[in-house]
Each structure stands twice: as structure tokens, then as C-alpha cells.
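Positions annotated as Zn(2+) binding site by Swiss-Prot, on the basis of similarity to another entry: Cys304, Cys307, Cys325, Cys328. Positions annotated as topological domain 'Peroxisomal matrix' by Swiss-Prot: 1-19, 77-109, 184-249. Marked as topological domain 'Cytoplasmic' by Swiss-Prot: 48-51, 140-144, 278-359. Positions annotated as transmembrane segment by Swiss-Prot, on the basis of similarity to another entry: 20-47, 52-76, 110-139, 145-183, 250-277. According to Swiss-Prot, the feature zinc finger maps to 304-343.
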Amino acid sequence: MAEHGAHITTASVVDDQPSIFEVVAQDSLMSAVRPALQHVVKVLAESNPAHFGFFWRWFDEIFTLLDLLLQQHYLSKTSASFSENFYGLKRIVMGDQHKLQRLANAGLPKQQFMKSIMFLVLLPYLKVKLEKLVSSLREEDEYSIHPPSSRWKRFYRAFLAAYPFVNMAWEGWFLVQQLRYILGKAQHHSPLLRLAGVRLGRLTVQDIQALEHKPAEASMMQLPAGSIGEKIKSALKKAVGGVALSLSTGLSVGVFFLQFLEWWYSSENQETIKSLTALPTPPPPVHLDYNSDSPLLPKMKTVCPLCRKNRVNDTVLATSGYVFCYRCVFHYVRSHQACPITGYPTEVQHLIKLYSPEN
């Protein structure tokens, strides 16, 4: 009875097909790495904007570049992405007969390799940028930055109205595919795998042995390059491989650390939280008025530090506590991603409008 239930749970179409729990776990792995790294970079940028502000402003591009190196390394060396290899899975080209399947260390054919790179690296980057664009447009629409009769405003309002339905259809497509995978009606838990022309399978004993012996064989079979171009190409390959290997090692350690943190915080009980929140409130910082005579600050407290006029639509920056006109600080933060006075990294969502009794 238990065996029958296990077979229903895995819903295997083929013998090496992983269970839904394995494929969902590997999907959630990289989606947890991005926000974790983003939080680390944000903390560093807030503590030292001069040195780490660049990494915060260009986080998406830097992360995508590192992700490209990492996924390229794993797809060419193990026929799997980093998260798939972490859970002992590999990508199998659709249409291959079971007897003719390639070992994992052979890598993917060029067509499937390029499609996999596109769906693993490029598509998530575009999705993140689209979500940020939608968030920015909603901010502008909420505070009416553009004139009501603007053609551009009518266009992006229509875009904002349609986006939730498009996003719901996209997520529903993935949900339906996962349900079909659970019921054994599909070999792919994700539509992107089908578009890439591959499916996921477990690593076999032969795959593991080939992956373990490949580094030793590669080091023994290295031949001296003939021309200068070949030497440069070989050096670049070694450099990229070294960076990818360092990233994979660091990510493996980081993943275990993230899992430890999840366990640590999930094990906290309510008594511990209450004891921490019951501690007395610390005194205010003594350095808040240190820069009160800064030339950037006007002497009149009702004057905006940017336009040097009486403030209109008072807005405070959550990152620094200074108050500006909404329009002034909105355009400044959107252009510079920093507080005009302190230089702290700041985003549009850090703007808080104030409503005084006089208004």
C-alpha cells in the first residue's frame, strides 16, 4: 500500500523522472539566492555608499553576469543548472532514445544549451526589470507626475490595468503544467523546459562516476597551445572556469547557510520574541544634530533643501529623515538613487508623504 502511494506521489512517466518535490525544491533554490544576495548588498551599500553603492545600483546586471558564468559552467560540465545539479538532476534532450542518452559530463547540444541559457538567465532578468518598471509606473500614477491628458499616461495606465491579467495567465500556465506533471500527464514540470527541448532526470551511477573522473582526465590530457590566439583562448577559458567554480563553491556554502537560517528562525518560539521585544527602548543617537549647520540645509525649517523654496507636499526620506518637496525629491531620487543630503542609497519607495494639521 505504501509503495503504491509512493508511486502515485512521484507520478513517474519514466524511471529516472524526479518527483514534484525535487523539481520544486530546485526551482526555489535560485529564487531564494537572489533576494538574499540583494539584501547583503543593500546593507553594505547603506553602511558604505562610496564603496558599495555601485553594486547596489547595478545589482541586477552584476547578478545576471555572474549567473551567466555559473549556469554556463554547469550546463557545459554537468548538463544541468546549478540548482538542478545541487539536487542530483540533469537535463536530458527530448527525442533521445533511452539507450542513446548522453552522460551528464558530455554537456548539452548547442541548440538546447543556448535555449537553456536564455530561459535560466535572460528571462529572469527581463522579468525583474519588468516588475520594477511596473512598480515605478504605479508610483507615478499614484502621485500624478504626468498631466491627466498625457497620451503617455493613458498608455501606461492601460498597461498597468492589463499587467495583472498577463501575470496571472503566466503563473497559471506554470501551475497547470505542474498539475499535469503531478498526475503523470507530462514529462515537464515547467513549460520553459519543454520550450528548451529538454526534460529533467536523476543522475545515474554512470553519470556520477563520469563527473568525478572528468577533472582528472582533463588535467592529464591538457596539451600546450600552439599559437598566441590559442594560448589567450585557453587562458580565458581557465579564468572563466575558475570564476564559475568559485561562484559554485560559494553558492553551495551560501545555500547551506540559508537553509540553516531558515531552520534557526523557524525554531524561535513566541516567548523568545516577546522577551526581545520587551527590552527597554534605547536612547536616541547623539549624532543626529551633528550636521545641522551643513551648507546643504536651509536655515528655515519650512524650506526645501533642493529648491530652496517653501515646501509643497512635504515628503520625508525614510533612509535619512530629511523633508523635501515631493516633486523635488522624487526626481532627485529617481535620477541619483541617493539622499540629497546624506548620500545614503535611496529608492522611490522610501518616500513618505507627510500630512500636517495645517493642510
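Glycine residues also receive a Cβ, built from the backbone N, Cα and C atoms like all the rest.
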Does DSSP give Cys304 (Zn(2+) binding site) helix, strand or coil? coil
Name the secondary structure element type, per DSSP in three states, that contains Cys328 (Zn(2+) binding site). helix
At a 10 Å cut-off from the C-beta of Cys328 (Zn(2+) binding site), count the other C-beta atoms across all protein chains. 20
What counts of helix, strand and coil residues does DSSP assign across the topological domain 'Peroxisomal matrix' (77-109)? 13 helix, 5 strand, 15 coil
What does the DSSP secondary structure composition of the topological domain 'Cytoplasmic' (48-51) look like, as residue counts for helix, strand and coil? 3 helix, 0 strand, 1 coil
Protein Cβ atoms within 10 Å of Cys325 (Zn(2+) binding site), excluding its own: 21
Cβ-Cβ under 8 Å with the transmembrane segment (110-139): same-chain residues at least 6 beyond its ends: 60, 64, 67-68, 71-72, 75-76, 81, 91, 93, 156, 159-160, 163, 192, 195-198, 334, 348-349
